[in-house]
């Protein structure tokens, strides 16, 4: 009996019709492709994009040159030099991030005890040469100053999960 059923099923091309029905169902379904430069998907507050260095509200930079971010970076993309100030505190003289090495893992952000280094929602940035993708301390501070409101809002939304 099974052979007869199989014979008539293959004779009338039932499998072919089932496959075409499945294809037709997906043909008229809603498309999931996003045309990226024109359309943008919403980003999470935890999005890991371009790095920024933050300042305190009084204008002083947050980084205390503990070098935890440099130590924890698996790609060795962060370079920090520091020196002692007259008041005994240690501050950075050089803070470079090489974005050609960076894998945007977020370990630097997690290890920072004073919330100095953060990853922003900035996704689109480019460089004409390799050297353009090495971000220095003044560049990172400028990004932090420009996007501080958005960074603070994202940190506040994420605070209950940290």
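Any Cβ shown, glycine's included, is placed from N, Cα and C.
A quick note: this is a predicted structure, and the numbers were derived from the prediction, not measured.
Annotated features in Swiss-Prot:
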type    : residues          : note
DOMAIN  : 53-83             : domain '4Fe-4S ferredoxin-type 1'
BINDING : 63, 66, 69, 112   : [4Fe-4S] cluster 1 binding site
BINDING : 73, 102, 105, 108 : [4Fe-4S] cluster 2 binding site
DOMAIN  : 93-122            : domain '4Fe-4S ferredoxin-type 2'
### Message
Show me the subset of 63, 66, 69 whose Cα is within 10 Å of residue 108 ([4Fe-4S] cluster 2 binding site); these are the binding-site residues I mean.
### Response
69
### Cβ contacts of residue 69 ([4Fe-4S] cluster 1 binding site) (under 8 Å, same chain, 6 or more positions away)
78, 80, 107, 108, 109, 111, 112, 117
### Summary
Note: in the chain of residue 63 ([4Fe-4S] cluster 1 binding site), residues six or more apart in sequence with C-beta under 8 angstroms of its C-beta are 53, 91, 92, 95, 114, 116, 117
### Message
Taking every protein chain in this structure into account, which of the binding-site residues 73, 102, 105, 108, 112 has the most other Cβ atoms within 10 Å of its Cβ?
### Response
108
### Task
Would you list the other residues of this chain near [4Fe-4S] cluster 1 - those whose C-beta lies within 8 angstroms of the C-beta centroid of 63, 66, 69, 112 - in sequence order?
64, 65, 67, 68, 70, 80, 108, 111, 113, 114, 116, 117
### Query
Across all chains shown, how many C-beta atoms besides its own are within 10 angstroms of the C-beta of residue 66 ([4Fe-4S] cluster 1 binding site)?
17
### Query
For the [4Fe-4S] cluster 2 site given as 73, 102, 105, 108, which other residues of the same chain have their Cβ within 8 Å of the site's Cβ centre?
69, 72, 74, 75, 77, 78, 97, 103, 104, 106, 107
### Query
What's the CA-CA gap between residue 102 ([4Fe-4S] cluster 2 binding site) and residue 66 ([4Fe-4S] cluster 1 binding site) in angstrom, rounded?
20
### Task
Take every residue in the domain '4Fe-4S ferredoxin-type 1' (53-83), average their pLDDT values, and give the whole-number result.
95
### Query
Between residue 73 ([4Fe-4S] cluster 2 binding site) and residue 66 ([4Fe-4S] cluster 1 binding site), what is the CA-CA distance rounded to a whole number of Å?
14
### Pairwise Cα distance for residue 66 ([4Fe-4S] cluster 1 binding site)/residue 105 ([4Fe-4S] cluster 2 binding site) [Å, integer]
19
